[in-house]
Each structure stands twice: as structure tokens, then as C-alpha cells.
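Undergrad: For reference, the structure I am asking about is given below.
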Amino acid sequence: MIRFEDVSVTYEGAAEPTVRGVDFEVPEGELVLLAGPSGAGKSTVLGAVSGLVPHFTGGTLRGRVTVAGRDTRTHRPRHLADVVGTVGQDPLAHFVTDTVEDELAYGMESLGLAPAVMRRRVEETLDLLGLAPLRDRPIATLSGGQRQRVAIGSVLTPHPRVLVLDEPTSALDPAAAEEVLAVLQRLVHDLGTTVLMAEHRLERVVQYADRVVLLPAPGAAPVVGPPAEVMAVSPVHPPVVALGRLAGWSPLPLTVRDARRRAAPLRARLATRAPSASAPHHTAATAPTATGGTGITAAAVARAGVADALPVPVSGTAPLRQRQAVTRRSLFRRRPAPAPEPSRTHIAEVHGLCVRRDRVQALRHADLTVAPGETIALMGRNGAGKSTLLGSLVGLLAPASGHVTVGGVTPHRTAPKDLVRHVGLVPQDPRDLLYADTVAAECAAADRDAGAAPGTCRSLVSALLPEITDGTHPRDLSEGQSLALALAVVLTARPPLLLLDEPTRGLDYAAKARLVGVLRALAAEGHAIVLATHDVELAAELAHRVVLLAEGEVIADGPTAEIVVSSPSFAPQVTKILAPQRWLTVAEVREALA
Amino acid sequence: MSPRERRRTGGYAVAGRAVPRATGGLRPPHSDGSPRRGPARAHRSAGAPVSDAPDARRRGATHPGAWWLWAISLGTAATRTTNPLLLGLLMAASGYVVATHRSPTPWARSYGAFVRLALAVVLVRVLFAVALGSPIPGSHILLTLPEVPLPHWAQGIRLGGRVTAEAVVFAGYDGLKLATLLICVGAANALAGPTRLLKSLPGALYETGVAVVVALTFAPHLVADVRRLRAARRLRGRPDRGVRGLLQVGLPVLEGALERSVALAAAMESRGYGRTAEVPVRVRRTTTALTLGGLLGVCAGTYGLLTAEGGAYGLPLLLAGAAAALAGLRLGGRRSPRTRYRPDPWGPRAWLVAGSGAAVAALLTLASVRDPQALHPGVVPLVAPGLPLGPAAAVLLALLPALVPREHP
């Protein structure tokens, strides 16, 4: 269906080809996953299928790409529109009309289908994607998952034989991602659509792929093969694969189910060393005690399995109470710093906070306390109020009622100049923070803004991004690099409380690992960190506490292990594989086995 | 059955029925026996009434053009009078219809912006009259501002000086007229956004229309971007207000807007925007000739109408030119293979809506000729405006669309 014949693409002004030696074929009805680190050319390969590369982006394409027998050299994207449906990274940039129904019809109108056919296909697609209740809704009012489904639906209605998707689940919460993936599954299995998609979050998609095309590095020839084989050599891989590689399983498991079936011996090995039900005395002696909100009582776990040890959702002040419980052990031995000692001075306190945004009650009576050195993950659906809570903590939004104090000041009444010394936020799109033409100018401005000694920001940047040069334009940085630069800019003022909104969106595993290292070091220095994230693996690796939000209310607040273990959608893969033992990350397991 | 329900069942009835397929040079990939139909039919077969004709039109919706005509007619009516009571009545009537029938799209939110703009227009008009003086003679002096002496070349311009009640009232009436016009345009936006109007454009103009509407949505996005980036300035410890802040975010905002536009253009291109059909050379030439000739005719005809000596040939030339241009547009539509999904029907509701607007405009125009005193209350001498009953009743006709069943319950 899609055939690449020795394709290489060189963009204008680039010395080296972005992709080289791409030569593979996707047969009809396959779901093929395009994996690889950022900058390896995934979007370029996808663009070549829809003809946008090189017709729209410019550059030179050598070799030949054919889709359903049409050569993209002679067919412009608009003339491929009836065989290829393309959904880009940002669904909002994809919409031409205002309402769901019109959007679904737009592609067919361009192709000139008969009105009766259009009408029927719109109804079918509404049902297929579960969009029927939303048919009259303006697109602006939809949630992230709904938008992604509308975007997919809008390219499905012309009945393309090939669907090309660029990071369809990256910006979605776990539940919405499953929604979208279920739809793709159905398209492939019921209708024989060919799907080619790129995705960073392999843990979500790799098990659905029939084959994986791995772009190991920029300009390197792709590796094509069955998922298990490619994952064995891939530099990017999900935790289930990392665990499989660690345990030496072959063939590698790709799903939690496969891994669980093989994991019995591993569980037995871990049971003796693990901080789990079987050996409370062993770990109690070795692990640090009194770990604030992060410990769980060994006795409770010893008595009951995971299911019985589900925590009762506790309010924001609960960690204080929990600290008085008897036995404590830390599951998070790999953390450089154990969670903070109980301290009376909270770095930030939120009480009964209500915030309205555009006539919507974004937060209702939210409570949160943050202690120095603590890392908290805010989780919940798209639109649950995570960003609003972060916004209130930096004074971007004034509370309708309730109060917020950060470091003893009320954020929205404090001058920005003073507030940056108390709290810093890295927004969802870190580029929002960057105005200057070069990295050096950005750093100099950051020093001035924060009143820090000249060179402070630049030395932070050098620590986070050793390879970056002074003259680089901030807009030319990759996602991970601009995040690091924004982080450095925020850290220049040395705020004791650091907030991050969706920091891992668009980051590959390597960039994510670097970010985890940086944030751990910051927490060890005593920074309190609050991150809003959909990434359960990140929360498992970093957070001492998880706060779950739903419809603007705090519905659970407690130690990471308790909250994520008890939730089917928020549990990381390692937890699911090794349950009822409470491991969260591969790194923990590796350390326990060493 | 409500119109909404009828639409739904209409949709279900169509599912899985044999419907004529796409015609023309297009090859539907999943042709007959399309697997796509399978699951949809399976889960829908339960109890859906079956009808033969597919509901390809959007029943129960009022044609957006009708709302625009209604609003423009009200605006026309507003230009015929300066009576604040009648103008207030017009604003109230349009506001009431907006309150009952506004669409749920983001465009509807712009009504508030239009109301604020209208208020600003009145204020600015009055302030100018106060500061710059007014040619209206008056004897009721409200206050005397210190007058700024101006050089003789600026004769005729006055800064400060006496402010008379007559001048202020006259400016207020004048501003109110303009404000009513703005509110009517806002009402049209709220009742049927430009994107819905776009669907009714002739095929030849469609692509230009899309460009215009995309450009229109550019502004709200830009405003949102500016707001976000100014908020981000706060995160850097810089003041988030003031002109400097606005200037500093200018470049990033434009960069972001450009990137988004390019992304949208790419998405539109890959969804088939700008596909053209092959048309015979003869048709193409005829189209060009008709359009060019028609436009020339329109220009010459207008010139004829406006000049004294061209009265005889002016009107026929104008009409012929317009007809030729329209024919050219229609023929030009053949180049675009576009079809329309559920076009809005021009039904009785559309007639009612457009008709009520037209009636208001016509009656007020008539009244302004018959009884100019009532529609233009005197300023010199200052009198309280009275409410002329006939025109007031005519304005109330504008409320008729409120009786049309709502499309968006």
C-alpha cells in the first residue's frame, strides 16, 4: 500500500539528509509504528507519505514514494487526499470549520462527493468513533481526546485507504489515549485500513503494532521488523521492554499480560529482596524511616494484597497525620533524597480554592499543601483543572474564593519581580517563556529579570544542555532542549517551588531520562516540585505524592505507590506486571536485583 | 417530532440504504460492499424507521443568509432615524432575538464585544463633541472648558470652549445610530457565524471565502496568543501590563501565528483543498470573457447612473453587466469539484426571518419620508423625543424571528 524506495530527504539549507536509505513497504491492512528518538526524521517520513514532503515543506526527496500506486512525485497532497488521511501533531491546527459535523464533511466536500453519500458517511463515522452526542458541538468546546477523535474522523470520511498519524496520543490523558487507540484498532481490524503512525509513548502503542519501523538516529537507515525483534535493539523502548531485557526474556513481551505470564520467577526472586509483603523485617532495617507522605505501612501491605490496601482518598493535610503512623519504609530507595522531614512551614498552601475560567468552574474547593523537597504529581483527565491549579500558584489566575499562599505571599497580589523568587512555572509550551534571538541573549535577560549575578543562567544552561551554543535561536531547539532552556530561565531566580506543566509532552525517552535526573537533583537540593502530567511512568519515577483531580476537585491525595497502584489507568507498567508487589520503575527492580 | 429529532432519525434511516454513490471522476476506495458499512448497519438496524430519500439538507435550520439579511435590514432601519427611543427599541429587539436564538459557536461570543464597541462609539462621539465643539448652535450651556487658542491656519477647529446641551444631545443621537448598526452586525455574527454563511457562497468564490474566514479567525487566535504570552511574561518576573510588555511579545506572537497558519495550510492541502476539475478550454474562455465583460459592464453602468448625461444607458448596462458577471461566476463554479454537505434550505423560516427584517427597513424608510419630525427629534430647540406609535410598532416586527423554533436548544 505504501512503498518507500531508497528515499532520502534533504531540507533546504541542511548539509546532511534528514532521513536516508528509507526502503520498506507497508502492506494493506497493517498498523505500522514509526519509532525513534526526536529529530530522527519520523515526521519527515510521515510527511512523505501524504506528499507534504517535499511539495509543501520544500527540500529534495530522492528515491520514490508510492501510495496505493500513486507516485507522490507527480501527485500533490490534494490529489492524494482521497487515499491518504493525515492527522498532524496538533489537532487544533487541523480544523477548518466550527462544528463537529461540518468538520467531518469538509474533506468529502473538497473531493466532491455526492450529498447523499456524504450524509451517510458522516452518520457512520459519528457512530464508528462514538461522536454522535457531539455532532452539533463547536470544536472549541471539546476536550483533547474528543478533538483527536474528531480529527481522525474528519480524515476517515473520504474513506482513505491509508491513515497517517503523528503522535496521536502524546497530549492525551491515559483514558483518552485508550479511546483513540481503540478506534485505530477497530479501523485496522474491521475495515482493513492501513495505519502508519509515529509515537513517543511506546508503552501505549507498541502492543498494537504489526510491525515497527525504527529510525535509530538522524540520517541512519531504518530498522524494520516485528515489534518484539525491533524493540530488542531499539534505543527507545517502553518500561515493559526494559523489564524484559533486564530479566532476559526472549522473545520480549510487549504487553503487560505477556510479561505477567513470564514474571513469576522474577516475582519470586524479588519477593526476597523486595519491600513487599513477605519480608517486612528485612527492609525495615535497611530502608530509611519517617518519610513523610511517601511511605506506606508495611503491616498493611503484609496483611492484605494490593486490592485490600487501596487507600482511602485523603485530603491535602493527610500527610501530616500519616507521619505519625508506626512503621514506615521507603519504596523509593533510588531517590537521592528521602522525602522531607515533617516541617511546619509549608512552602505552599492552597485552601478551599475555587477558580472560574471562561464561565466554567475550573476548580472547586481544592486543597493542597507542598512541603520543601517534596515532589508532587498532579494527575487527572484533560481539563480536570491541573493547569488552573498551577496557574493559581503562580498568580496567573485570581481565586474566586479560598486562598493561596506561596512562601508567605499571595501570588496574584505580588509583583512578578518578587514572585519569581518564590515560585517558578515552566508552562505547557516552554517556548512561551523565550523571547530573545539567541540563547546567550535569553540568558542575559533571565539574569536581569531575576536580579541574579551575570552568568547564572548560562551556567545552568551549560549544566542542563552541554551541547548548546550561545548563538542558537531558541526556536531552532528541539522540544527537550527548549524545555531545558526554559527550566534554566526559571531556575535563575532560585525559586524554592518549581512547577512544571506537562513537561514530557513531545520528549523521547532519552530526553525524559535527562529531565528526571535534573528534577531529582533539584528535589535533593530542597526544591519543592509540582508537576502536572499524564505520564504515569514519569509520576512513578519522580513523585513522592500524587494528587488526582477530577472536575476541578481533588479526589485523591496520597503517596505515589498507593494512588497509582490502586488505579488501573494510572498504574505504571512495572507495577501492573509485578503486582501484588509494589514496584514502580525498572530502575528500582534493577537496583533490587543488583 | 422536534426538528432535531427529525434530523437524527433522518440520519439513521439513511444508514445502510442503497444510496447513489459519488459520481464524476472520483473513485470511492471502498466501493460497493464496503466493509465500513458493516458494523454501522449491524448496530443500527434495531428499530430505525426506514425512508427512501436521504436527508441531505439540514432541516430545522434557518438559512444563515436570512439572519444576515434580517440584521442588515435592521441596520438600514437604524440609519433612517435618530430617535433614541426607536433606536433603543431596535437594539432591544435584536438583543432579544440573539438571546433566544444565538448559536453555540465561538462567534456568538463576539456579540458582547460588539456591544462594548457600540458603547465606546457613543462615548467617543460625545467626547469629541465636548472637546472639539460642534456646529450645532445652542443656548443651554452645560459647562465651559478652557479654550485652547489655535493658529489661524487651523481655523474652523476649536479645542475646548462652551459645551451646550444641544451639541451633546445631537452627538449622543448620532453615536447611538452608529451603535445600533454595530449591534446589528454583532447580532448577525451571533445568530449565524460567517463560516455558515460561507457554505452558501457560489463554488467559484468558495476558496476565496475560505481564505477570508480563516483570516477572520486569525484575529481571535492572535488575541488569545497575546494574552498567553503576556501572562508568560509574569513568569519571567516582568510586569505583565503596559505597552512595553505588548511590544516585547509582538515578535513571538507573530512567529506563533505564522507557524499555526502554515500548519493549517498543510492540513487543508492534505484534505483536498484546492482540487480542481478539468474543464474544456472553451468553457474556461467563456468564463473569463463573461466575468471580465460583466465587471466592465457594471463599472460603466455605475458611471452612467452617477453622471447626468448617462441616465439612459446606465441602468440597462449595469443590469446586463451584473447578469454576465453572475453567469461567469456560475460557469466558473464548474472548475471546482466541490459539493455541499447539508446545505441550509431557504424555507418558510428563512422567508419569515428575512421578511420581518425587510418589513422593518421598508416601514421605517417610509416613515422617515412621511413623518421626518417624529423620526428625527429636534435638537434646536431642545425637546424630549416622543415615541411615534406607527414606526415603533414596525420596529417590533423585528421580534418575529424569536417565534421561529430554535435550532440549538
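Cβ coordinates are placed from backbone N, Cα and C, and glycine is handled just like the others.
Remember, TrEMBL labels are computer predictions, not curated facts.
Below are the features I grabbed from TrEMBL:
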REGION    B:1-59  region 'Disordered'
TRANSMEM  B:113-133  transmembrane segment
TRANSMEM  B:204-224  transmembrane segment
TRANSMEM  B:289-306  transmembrane segment
TRANSMEM  B:312-329  transmembrane segment
TRANSMEM  B:350-370  transmembrane segment
TRANSMEM  B:382-404  transmembrane segment
Undergrad: Take the transmembrane segment (B:289-306) and find every residue of the same chain, 6 or more past its ends, with a Cβ under 8 Å from one of its Cβ atoms.
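TA: Sequence-remote neighbours of the transmembrane segment (B:289-306) are 312-329, 331-332.
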Undergrad: Take the transmembrane segment (B:382-404) and find every residue of the same chain, 6 or more past its ends, with a Cβ under 8 Å from one of its Cβ atoms.
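TA: Distant contacts of the transmembrane segment (B:382-404): 62, 67, 70, 74, 77, 81, 83-86, 89-90, 93-94, 96-97, 100-101, 138, 140, 165-166, 169, 349, 352-353, 356-357, 359-360, 363-364, 367, 371, 374-375.
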Undergrad: Give the nonlocal contacts of the transmembrane segment (B:350-370) in its own chain as ranges (CB under 8 Å, at least six residues past its ends).
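TA: Answer is 62-63, 65-67, 69-74, 76-77, 80-81, 86, 90, 344, 376, 388, 390-391, 394-395, 397-401, 403-404.
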Undergrad: By Cβ distance under 8 Å, which residues at least 6 away from the ends of the transmembrane segment (B:113-133) in the same chain are close to it?
TA: 145, 157-163, 167-168, 170-172, 174-176, 178-180, 182-183, 185-187, 189
